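According to TrEMBL, the protein has these features:
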- 294-304: compositional bias 'Polar residues' (COMPBIAS)
- 320-331: compositional bias 'Polar residues' (COMPBIAS)
- 116-236: domain 'Palmitoyltransferase DHHC' (DOMAIN)
- 292-354: region 'Disordered' (REGION)
- 16-36: transmembrane segment (TRANSMEM)
- 42-61: transmembrane segment (TRANSMEM)
- 161-179: transmembrane segment (TRANSMEM)
- 199-221: transmembrane segment (TRANSMEM)
Amino acid sequence: MAPSGSRSIKRGCQRVLYWIPVLFIALIVAWSYYAYVLQLCIVVYLLAYHVIFIMFVWAYWQTIFTRPMNPLKEFHLAHSDKELLEREDRGESQQEILRRIAKDLPIYTRTNSGAIRFCDRCQLLKPDRCHHCSVCDECILKMDHHCPWVNNCVGFSNYKFFMLFLAYSLLYCLFITATDLQYFIKFWLNGLPDTQAKFHILFLFFSASMFSVSLASLFIYHCWLVCKNRSTLEAVRAPVFRHGTDKNGFSLGFSKNFRQVFGDEVKYWPVPLFSSSGDGCSFPTCLVNLDPEQPSSPSGSNPATEGRQFPSKPLRESQSRLLSSTPSWSESDGAADKDKKGASNPGMTIENEA
């Protein structure tokens, strides 16, 4: 009883500590609002400031409190399959069981050794681009990373919100820096009245300009990831398909890559409302040959969907359009085939990726 109680206390303390970065950002934002609205008090700028501030806080809220999506029940092992898997002590037999279960699911990525990606903690077959988060202790669809500044996993369900959070927070800091610059110069030239407000103006400029630099680099990096249709994890370690490693395996060209994150309707792009394409469990690919033993696809057909068997839950209409439309490999990822390697021998062990 004591060890179990100590573990629960430790887990509770960790959950409290995880909220410290979020509280730090909240305090910084609250102080910046006080310093800008009540101390700087530039009436002409207040309308634009509040529009940016509201969009920034809205996107930040959505990123924090939107729960990451987990794999559908089709990817979880049935009770009979769990018992069968537990009885087998050989990796080869276990892989045969997993391959039998995976044949009716849209799973095309593998482990580095070529084995079926299986999570022994969640007892499920990992969908493409899904990873197990050690902090959340669950598998996250299209996991990008676990962000301590939002105390949440950034994945399929909230990646659009995370991108808007970066965009509006950068715009927020740049707006404050630009409008506060003239008063910052007056501060050094002793042109401001000797009041408490001038110290807020000084630190407001420093904090906004400092955050602008770090946010700009992070925002540019994630814009590049969106253009390439990669997650942060996939940028570090390229996904492995049956034919081998392919860093551009999910890239369909800039336009389709962008629509996968922000959706098809332009009016929803700048708004922190969910509009991403797909279901998070399956993704169209630009691979010409999913299996090295399969013949080349005839020209004009969509090789990413040939021979593909989907689970009983149909894809959303937006993803079906991405799958059925002619793939624009020449838009930005024409070199994808050059990166393909020869097929590797499939491994016979179950690997759990962190």
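One-based numbering along the chain as shown.
Here the Cβ of each residue, glycine as well, is placed from N, Cα and C on the backbone.
Residue counts for the domain 'Palmitoyltransferase DHHC' (116-236) under DSSP, split into helix (H, G, I), strand (E, B) and coil, are 67 helix, 18 strand, 36 coil. Predicted-model confidence for the domain 'Palmitoyltransferase DHHC' (116-236) is 92, expressed as mean pLDDT.
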